[in-house]
Amino acid sequence: SKSSEEMKQQNSELSEKVHSLVSKNSAMKLDMEDLHKKLEMAELMIQQFSNQAGSLDANQQLQMALEEKASLETQVSQQLSESLHQLQAERDQYVEKLKEERSIWQQRVQQLSEQVHTMAEEKEKHMAQIRELEANVSEL
């Protein structure tokens, strides 16, 4: 029962870790949504500048907006990639931990099964001894 409690505690800790990671993932999604909104704003600015006459200031602003758009696209792509790699690594660790726990439980079940079998054999021996002693007492 102690090992069962320990396993429950470990499972609880792992569940808390998963919930924490889900929260982090949600925060990252919110950040990505903000970056997407900035990207959309940059695209709107590009469209506005594209529709205006070709003055030097407008061209410079258009170039800056294009550079900002490219930068934001790169940043979003990097964050997505990093998040994906992090989540995959954490998922793999969690799967490995579950496999280890499964192996431990299987070993424990095997041990208990062997103990039950041994105790059943001992009980049968003791019952035979009791019958033999009862027969001896009857003779006496």
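Including glycine, each Cβ sits where the backbone N, Cα and C put it.
Annotated features, as they stand in TrEMBL:
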COMPBIAS  1-19  compositional bias 'Basic and acidic residues'
DOMAIN    79-140  domain 'Golgin subfamily A conserved'
REGION    1-25  region 'Disordered'
In the same chain, who gets a Cβ under 8 Å from the region 'Disordered' (1-25) while lying at least 6 residues past its ends?
83, 87, 90, 94, 97, 101, 104-105, 108
Helix, strand and coil counts within the region 'Disordered' (1-25) (DSSP):
24 helix, 0 strand, 1 coil
Counting by DSSP secondary structure, give me helix, strand and coil numbers for the domain 'Golgin subfamily A conserved' (79-140).
61 helix, 0 strand, 1 coil
Could you pull the average pLDDT for the domain 'Golgin subfamily A conserved' (79-140)?
92
